[in-house]
Amino acid sequence: MVIPSQTHKEKPRIPDDEESGPDVVSAVIGEYGRWQLLMTFLLSLFSFPCTFHIFLPTFTAKATQFWCQPPDNLTNVPLERWINYSQPEDACSVRVIPANVTADSIINYTATALDSFQKCQNWGYDRSEVGDTIISEWNLVCEKANLTNLAEVVFLIGIGVGGVVGGWISDRFGRKRILMAMSVAQSALAILSLLVSSYIQYVVVRLIMGLVSVSVVYAAFVLSVELVGGKWVTIAGVCNFFPLPLAYVIVSLLSMIMPNWRDLQLALSIPGCLLIFLWFVLPESPRWLLSMGRTQEAKAILEKAATFNKRELPADIDKLLLVYKTDTKSEDPSVCMLLRGYLLKRTVCLFIAWFAMTIAYYGLLLNIGNFNLGNLHLTSIILAVVEIPAIGLSIPILLKAGRRLPIFISMVVCGLACVCSEGLTIVYANEWAMIACLMVGKFAIGATNMMLPIFTAELYPTMVRNLGVGVSQISSGLGLICIPYLWKLTALNDHLPMITIALMSVAGGATVLLLPDTTTTQSKKGAENITPTSNGTYTTTDDRGR
């Protein structure tokens, strides 16, 4: 889960005694009610199309066995016999076939075998597990094999850049407006990807798709947590990502029905188009409107929400809303602030933790096809389902057990599970035993993926919190770029990719122990510069008067 940073040009003027009381929006409509339940549910739906596009390459770019196609006069030769005769080294080069060689001579092992080879120009592909892929359509094999990874690298680069850009745009122009605009762009790009006729066009579309998709996730997440208050901020933030494992399951099931990549792309593009109609239902964030001085617009939204929640409006609602008068800062917080004093240690530790968590989470998620565990679809579904209880479990943990120790335990468990899976492949070659270990690892790192963003935001004082989260996402972006190349380490040793994931996960968990637990310290040092949150919960914009 990549949560981008935010940059605020304007900050609300908050009275000195506001910290100990409820925030204004919650005072009017309540911390959580039927209106917030409906809106946060609808906003969580935007995670579906975004996750679809992230997980699609597991099937649409699946590497399968390939071979050099025989000439027309040898097409009736059994495939295995043809490969053994013509491609003794690999399918990138094929033996020069003498004119007197016939199909019968190859079948009977009497064909003349020359030691001269030529570059293959036409390949065939194993379509037993997946159908047409981008690899088979544009022949991304042999010297073009690295282009498959390039497509995903540019997509993940788009996510990294889009997180920062999307956060800035959302702060400047509003959550709802950017959410819907980017959702429209995402749907248009999804349809456009069906029409591409070259690999270069496909890569360009994927790059822009990464930029747009993360902006959709960002705006929906921020809007969700800005509609609630108190402990519900943590709950709403975590629940916003419940669709992630469900989306993985949907992609896996549809891939079984629609094995060809363009058909699968079309089927998964339709839900995003339907979400556009939520423009007429979803509100703008009242907190954002108040921070921008648009009091009457915020009041109208709060009045509707209060009515839906069956709450009476406070008699002094106009006076309460005037608390949010804004002023312009003369100077923005600088990145240099994160590299001085006690914040330097936190920045470095979080940079390492985010990089490690990203390698572990997406290393397991996006490389399922590299485990060779038999049925790719079934394995994908199993590893997706175990993330559902992990997300649910992270809520009570965050509310009751703190941040630091649970994150450490979950990352260490993930690392141990990865080591066990590799050990079992050596001493006990059973794919279900390996799947069981991967389930444990995926469960553990899935919980980390929910907890670490909240812990990160709480570790920074309000005035540099958005910058702190942003720097952490740079680390996460670097990890994402490394993911497509992780399994290239098998060239050195077959077990090296999983050992790398295990070591990174354990190292990231150990690094977290060097940080203070926000549920007990509440960033006491940060209080010297700025007032921390009063209840330990995570607010995305911190413009709540807490």
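Placed from the backbone N, Cα and C atoms, the Cβ positions cover glycine too.
TrEMBL labels come from automatic prediction, so no person has curated them.
Positions annotated as compositional bias 'Polar residues' by TrEMBL: 522-540.
Feature annotation from TrEMBL assigns domain 'Major facilitator superfamily (MFS) profile' to 96-520.
Residues or ranges marked as region 'Disordered' by TrEMBL: 1-22 (among others).
Annotation comment: TrEMBL describes 522-546 (among others) as region 'Disordered'.
Annotation source TrEMBL lists transmembrane segment at 37-56 (among others). Remote same-chain partners of the transmembrane segment (37-56), defined as residues 6 or more beyond its termini with a Cβ less than 8 Å from a stretch Cβ, comprise 155, 179, 183, 186-187, 190, 209, 213-214, 216-217, 220-221, 223-224, 227-228, 236, 239-244, 246-248, 250-251, 261, 264-265, 268-269, 271-272, 275, 278, 281-283, 308, 365-366.
Per TrEMBL, the feature transmembrane segment maps to 153-171 (among others).
Outside the transmembrane segment (178-197), and at least 6 residues removed from its termini, the chain residues within Cβ reach (under 8 Å) are 46, 49-50, 53, 166, 169-170, 205-206, 208-209, 212-213, 215-216, 219-220, 223, 262, 265-266, 268-269, 272-273, 275-276, 278-279, 282. Among the features that TrEMBL reports, transmembrane segment is placed at 178-197 (among others).
Listed as Cβ neighbours of the transmembrane segment (203-225) (distance under 8 Å, sequence separation of 6 or more from its ends, same chain) are residues 2-4, 6, 39-40, 43-44, 46-47, 49-50, 53-54, 150-152, 154-159, 161-163, 165-167, 169-170, 175-176, 178-179, 182-183, 185-186, 189-190, 192-193, 196, 233, 236-237, 240, 282, 285, 538-541. What TrEMBL lists as transmembrane segment is 203-225 (among others).
Nonlocal intrachain contacts for the transmembrane segment (232-258), taken as residues 6+ away from its ends with a CB within less than 8 angstroms of a stretch CB, comprise 1, 31-32, 36, 40, 43-45, 47-48, 51-52, 55-56, 58-59, 130-131, 220-221, 224-225, 264, 267-268, 365, 377, 380-381, 383-388, 391-392, 394-395, 398-399, 446, 449-450, 453-454, 537-540. Marked as transmembrane segment by TrEMBL: 232-258 (among others).
With a cut-off of 8 Å between Cβ atoms, the residues of this chain six or more beyond the transmembrane segment (264-282) that come close are 39, 42-43, 45-46, 48-49, 52-53, 56, 59-60, 176, 179-180, 183-184, 186-187, 190-191, 193-194, 223, 250-251, 254-255, 258. What TrEMBL records for 264-282 (among others) is transmembrane segment.
The transmembrane segment annotation in TrEMBL covers 347-364 (among others).
Residues or ranges marked as transmembrane segment by TrEMBL: 376-398 (among others). Beyond its flanks by at least six residues, the transmembrane segment (376-398) meets 58-59, 62, 129-130, 234-235, 238-239, 241-242, 244-246, 248-249, 251-253, 255-256, 364-365, 368-369, 406, 435, 438-439, 442-444, 446-447, 450-451, 454 of its own chain at Cβ-Cβ distances under 8 Å.
Residues or ranges marked as transmembrane segment in TrEMBL: 405-426 (among others).
Residues annotated as transmembrane segment in TrEMBL: 432-455 (among others).
The transmembrane segment annotation in TrEMBL covers 467-487 (among others).
For 499-515 (among others), the entry in TrEMBL reads transmembrane segment.
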